[in-house]
């Protein structure tokens with residue numbers, strides 16, 4: 001098991017060294033919030049009902065109201081007694097997120113900025129594809145990993161999200177899709193924050209949305225990404241889930257990676273690759289390497305050759321991502337011609353590779369951008 005306290009201290013120290021400024025630490029205590037009803041797995045809700053003098057079969061009825069009928073008040077749960085509805089309302093929140101901004105791109109992408117009960121804001125993105133509707137969820141308010149090209153780390157980490165706050169992002173998006181008779185078919189845990197830094201809440205979220213009585217989203221339609229918290233990769237591999245797994249790599253050698261990603265100082269590239277090999281061997285599943293291309297930093301043909309050598313023999317796929325412009329960062333997006341040259345080199349070396357389709361650029365849909373814009377406007 002990971003010593004979370006030591007890990008927190010280690011990453012905070014490394015990010016402070018890399019950024020030369022203090023990192024805002026997450027609150028150690030849980031915020032004083034009303035617990036979301038969406039935090040429960042069915043058996044957990046059954047236990048709560050029994051402890052409060054109610055029949056456990058009511059859990060299935062409550063789940064039906066939450067995930068099939070998608071009610072917005074406890075009063076709408078008409079097959080429950082008034083007494084039970086009152087108990088639920090007294091103990092839980094049915095809505096912990098309120099919509100601050102909802103923007104729709106010309107390509108159909110919808111970006112949501114939600115406000116939490118304690119006033120913090122988070123982002124969620126609905127992306128439309130030929131194969132269905134994908135939701136990118138956030139797992140933390142801010143991020144402390146400190147990647148030097150990312151908008152999510154601006155302002156540091158405020159707190160971890162609770163499982164119900166992550167689930168409710170998907171529910172809110174589904175309520176929007178209900179208006180056009182569509183459904184959420186895919187989930188990517190690639191929004192603001194490091195999912196493996198909020199591991200328990202992430203796992204609870206996965207079990208709720210994957211459950212047949214929950215949102216019933218198939219495991220193979222869910223992808224979780226990490227910046228490279230090595231001990232958690234081993235733990236995730238041992239879970240033996242059918243969920244897709246991605247690693248934010250962004251560089252093929254230790255020196256370049258730790259410049260872009262301070263976490264590489266805590267967990268060296270060779271340690272990360274060893275953990276990835278363990279994952280593929282343990283699960284039999286491939287890993288996706290997320291690779292953000294930045295002009296003059298990590299996009300040369302020579303670096304593509306180095307990347308090919310690094311991952312050769314691993315059951316994997318490379319997802320090339322042209323980085324988005326972030327005003328507070330100095331990196332420049334790689335040219336289209338260089339992106340294609342990089343892709344061609346990987347393919348020549350037998351690497352399975354795709355270029356991520358850009359979506360929602362006209363509404364700041366990249367991770368952390370809308371939240372950063374809102375924070376900037378608030379401080380003017």
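Glycine is treated like the rest: Cβ placed from N, Cα and C.
Annotated features in Swiss-Prot:
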type     : residues                          : note
ACT_SITE : 123                               : active site, proton acceptor
ACT_SITE : 367                               : active site, S-methylcysteine intermediate
BINDING  : 143, 147, 150                     : [4Fe-4S] cluster binding site
BINDING  : 193, 194, 225, 248, 249, 250, 324 : S-adenosyl-L-methionine binding site
DISULFID : 136-367                           : disulfide bond
DOMAIN   : 129-362                           : domain 'Radical SAM core'
Practice item. Work through the binding-site residues one by one (150, 193, 249) and name whichever has its CA nearest to the CA of residue 136 (disulfide bond). Key: 193
Study note, to complete from the structure: CB neighbours within 10 A of residue 324 (S-adenosyl-L-methionine binding site), counting all protein chains shown, number 21
Exercise for review: Measuring CB to CB from residue 225 (S-adenosyl-L-methionine binding site), give everything in the same chain under 8 Å that is also at least six residues away in sequence.
Suggested key: 188, 189, 190, 195, 245, 246, 247, 248, 290
Exercise for review: From the recorded positions 123, 143, 147, 150, pick the residue whose C-alpha lies nearest to the C-alpha of residue 249 (S-adenosyl-L-methionine binding site).
Suggested key: 147
Exercise for review: Please report how many Å separate the Cα atom of residue 324 (S-adenosyl-L-methionine binding site) from that of residue 123 (active site, proton acceptor), as a whole number.
Suggested key: 16
Check your understanding: Across the domain 'Radical SAM core' (129-362), what is the average pLDDT of the model, as a whole number?
Key -> 95
Review point. Other than its own, how many Cβ atoms are within 10 Å of the Cβ belonging to residue 250 (S-adenosyl-L-methionine binding site)?
Key: 27
Check your understanding: What three-state secondary structure does DSSP assign to residue 143 ([4Fe-4S] cluster binding site)?
Key -> coil
Point to revise | Where residue 225 (S-adenosyl-L-methionine binding site) falls in three-state DSSP terms | key: strand
